[in-house]
Every structure is written in C-alpha cells, then in structure tokens.
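**Student:** Can you keep this structure in mind? I'll have questions shortly.
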Amino acid sequence: MARMPSLPGLHLFSSLPSAPPPHDPSSASTPSTPIPIPKYLPPKSRILRTNPPKPPNPALKTFHRRSKYYKPVKDGVISSHGDRAVVIGDSGVSYLLPDAPFEFQYSYSEIPKVKPIAIREPAFLPFAPPTMPRPWTGKAPLKSSKKKIPLFDSFNPPPPGTKGVKQVEMPGPFPLGKYPKEGKSREEILGEPLKNWEIRMLVKPHLSHNRQVNLGRDGLTHNMLELIHSHWKRQRVCKVRCKGVPTVDMDNICHHLEEKTGGKIIHRVGGVLYLFRGRNYNYRTRPQYPVMLWKPAAPVYPKLIQEAPEGLTIEEANELRMKGKNLLPICKLAKNGVYISLVNDVRHAFEGSILVKVDCTGMHESDYKKLGAKLKELVPCVLLSFDNEQILMWRGKDWKSDISEDPSATLPSQARTNDGESIENGDLLHGNHHTIKTSPKMKLLWEKAIDSNKALLLNEIGLAPDDLLEKVEEFERISQATEHSYPALIMSSEDDSSSPDDNLESQDRDESNYSSDDDEDREGDLFDIVNPTVPMGSLPVDIIAKKLRPE
C-alpha cells in the first residue's frame, strides 16, 4: 500500500468549521446604506371646491357606437327644428333642409330595402347649425387676408403661362362653330351626346391617372358629391374607383352617381367609372350642398337570419344548415375586392344545387352581412346562416330556372335556307332539327347575321363532308359578294334638271347617316389607334400657315 507523505499542519479529515466568534458591538460601527432612502413630502390637503362643476352641454356629448341607446321609430318626422327635420321613410333615415333639391342621406347607394325599426343615437342633424346654439369650443377665426386671390373656373380659366395655378380645362368638347352656353337643367349642361372619338379623347388621359375618387363599403356618400365637383372644377372627367360591397350591384352605383351629380358615365371597366361633367358645365353655378360633419350611427334593421325562414319549418331549416356545413363554397371573396360576377355565379350554382355557400374568410363582419342582404334581393334567395364567416343560401320554393325550356325561343321566326327559300319557325320545330338553348341576345345576333347574308341556315342536317364543303364554298362566294358590294346611283341625262343644291343636301344626309351608323358599330372599340392616311404638312391649310409664318 502506497504511503502518503505527511505534511506538518495538514489533516485530511478535519472537522467542520466551528461557530463564528461572538459579535462585539464596541469593536466596529454600523455600515451605511449605499443608496439613501428618499424622503417624500406629505400629501397636500385637498381643497374643497366651493363652486360645483357645470353640467356638460348636450350638444357636445358624443354617443358611443356600442352604447345601449335604443329608440323604436315609425315612419314620419322623428325630430325637427324649424324647417330642418329628421325623417324615417322607405329610404331609411334622411334629413330635410330648406331649399334642398332632395332629401339628404349619409349613403345614397347602400340603403336596405326594408325600413328601420329603431335608431342607435338621438336624432341630430349632422350638418352645421344655421346659428351657434352651442358654446364656443374652437379657436378664434383667422383674420381676413389682404391678398385678393383670383377665382378661376372652366368658364373663366387663368391666362396661359400663369405661375402657381393648376390647369383648368375649358368647357367642351364642342363641334366647330359652337361655343359654351350657360345651362340650368341636366340636359342643357350635358349638351349633345358624345361621339366615340370624343369619348376616347376624354378617357385616354385618365387610364393611368391617380387622381380619382375612391368609393368603398359605404357606397356613394353625401360628402362625395362635393368631392366630385371639386374634380370637375379642373378636368372634364372624374374617375371613380369602386371596391368592396357596392360592386355587387354596379348598375345601382351608376344610377345614383348620374342622378345625384348630374353627370354622365361615358365609360366603365370593371369597378372603374368615368363620369363626364357635361359640355356646358360651370363650377360657379354648380349645386352646392352642406357638408356632413360626422357619420351618423346606422339605424337598427330587422334580422337577416330567421330561425324559420320563408317557406320552411324550424326542423327543415336546421336540416339544411347541417347539410350546408359539409358543402364546398363556390368561391372565396377577398377583402375590398370587386364582386361584379357574384350574382351570376350564385344563380348558376342554384341550377345544380338547392344550397350555395360563399366563403368570406378575412372580411369584416358587417361586409359579408351586407353582401348577404344584397344577394337576397338580387338573386333572389333565402339566407340561412353566416356561421364561420360563410354565407349559406337556399334558393327557395319559388325558384325558377334561368335556362329556357321553350325551344321556340332559340330560333328566329323566319330564316333562309341555302336555296334562298324562307321557312317558318314551326317547320323547323316539327322537323328533325337539333335545338340549342341560347340567350335572347345571341338569338338577335343570329337573326342579324342571317338577314345580312353572314350566316346560313341549312335545311338538311345529314350532309356528307363533300356536300357540306360545297355548300360552305358557295356561301363564302355569296357572302363576299354581298360584303364588298355597295348600292350604285345611276344618273340619266333626263334627270339633270335637279339642282346641285339638292345633290349636296342628299350627300350631307348620307354622310350624317353613315357617321351615326359607324359610331354605333364602334361602341366597343373605344381605344383603337387611328393611323392618319394623309402625311403631316400636306394639307392646304398647312401650306397657307407656312406662307404666313414669319421667317
């Protein structure tokens, strides 16, 4: 066994340390704390107020949107102050002001068809009062400026080259020899209908322009009317971009825009509208409306989802809701999207199923409820639930298919065969002809094509390929001859007694008819590029201008 070296004073198995020595208070002083303890002043005694606080003015009191205020209302005036009143009617809550052209509302396009049953706040007019019945809470008014700022409008534009003035477009466009004139009615302000080339000229600069009016979930609001007129002050066309719930019914938006503003929608692409102010528009004589100072609280409407909807019992409604849980949605709607085709998609889906579901995940609760209310009116359908941010609809017992079952609606009343003979619609129905279901618009196009020799109606179906090719080649020669032929006017020597003025009048009449037809045929081609056939500088007016130009 190895031996460990022994060292003096080393003990491997020493005992635990002994208890510390007793503390001697006389040997050392008490250590001081590193951070001094702060000394707070005693609280001041509260001074009792001798004057009690004044009660707040009710005009300055704001009611919260989620307050428990609830007041049932009926049709008629619910609040009035002189000539100013708050009215409940078919269009919801409206406001009457003296000398107003129509009843003012917060939103003109997004109004439910049902009447409200209650209001969520006291009936106040959201406009500035004619006087000041409430205490002054703002700053003192600014002193009147000594500078005289000139006012410009379309009838009085600034002189060219003026610095610091934005561009102001003149009234128009006008044909050669015509000038602007003051108008009072909508027809006088709009003037003559625009030609297609004028529409292209007005719309093209605004296609990539950011100056626009944004129309959201509230639709056409009252304050947008003044905003549109401010756009019309400097340009002839106002661009309106629509997004969200109102795009389900774009025809409704177009109707209210034209009715309230007095303009004319000259072009429409998806959710973008181009609103023309009129040829004789004058900003100074525009209708001026008061501005709403706040957004009124929406009234209370009847519930959209009923426990037992129309034509169903509670058991049947619950059974349909259970089936709807496993139903796949036909589409998923994005937030602030454009839902132009939603109504047609729901109608087509009802052709194959009695239930339809639309996924609205991520949208605001009020948005998809408004969507459900619009679909209920436009499709029409019966709403079953809004569970899990999805709209579940039933097509109802009175549902009728959009596809016509009458085969006579798919054929024209009279058509021509390849032999030039005319046959009646009844002969086609009783024969061995196959019918295809189509829309009335397609039927009208077929009728026009047959009448203009651009289409051929065969009276024989079972033709061999060679016989069919022969018929097609023969019809092709006939259609080309018809397309490239024009009516000729033969003048004999006996008819020379007519005066040249009559010939000029007839020529002008023919040209005017041709131009109107040409405009109707080119309604869809708004932005075709027209290449000039005459080189620049070769017209007689260019030669005269070159001679008069100083060297």
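Each Cβ is built from the backbone N, Cα and C atoms, and glycine gets one as well.
Below, the features straight out of TrEMBL:
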type     : residues : note
COMPBIAS : 493-505  : compositional bias 'Acidic residues'
DOMAIN   : 192-288  : domain 'CRM'
DOMAIN   : 310-406  : domain 'CRM'
REGION   : 1-62     : region 'Disordered'
REGION   : 403-434  : region 'Disordered'
REGION   : 491-537  : region 'Disordered'
**Student:** Which value does the mean pLDDT take for the domain 'CRM' (310-406) in this predicted structure?
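**Tutor:** Computed over the domain 'CRM' (310-406), the mean pLDDT is 91 on the 0 to 100 scale.
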**Student:** Pull the DSSP breakdown for the domain 'CRM' (192-288) and write it out as helix, strand, coil residue counts.
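**Tutor:** DSSP composition of the domain 'CRM' (192-288): 38 helix, 22 strand, 37 coil.
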**Student:** Treating G and I as helix alongside H, and B as strand alongside E, what does DSSP give for the domain 'CRM' (310-406) in helix, strand and coil?
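**Tutor:** Secondary-structure composition of the domain 'CRM' (310-406): 38 helix, 16 strand, 43 coil.
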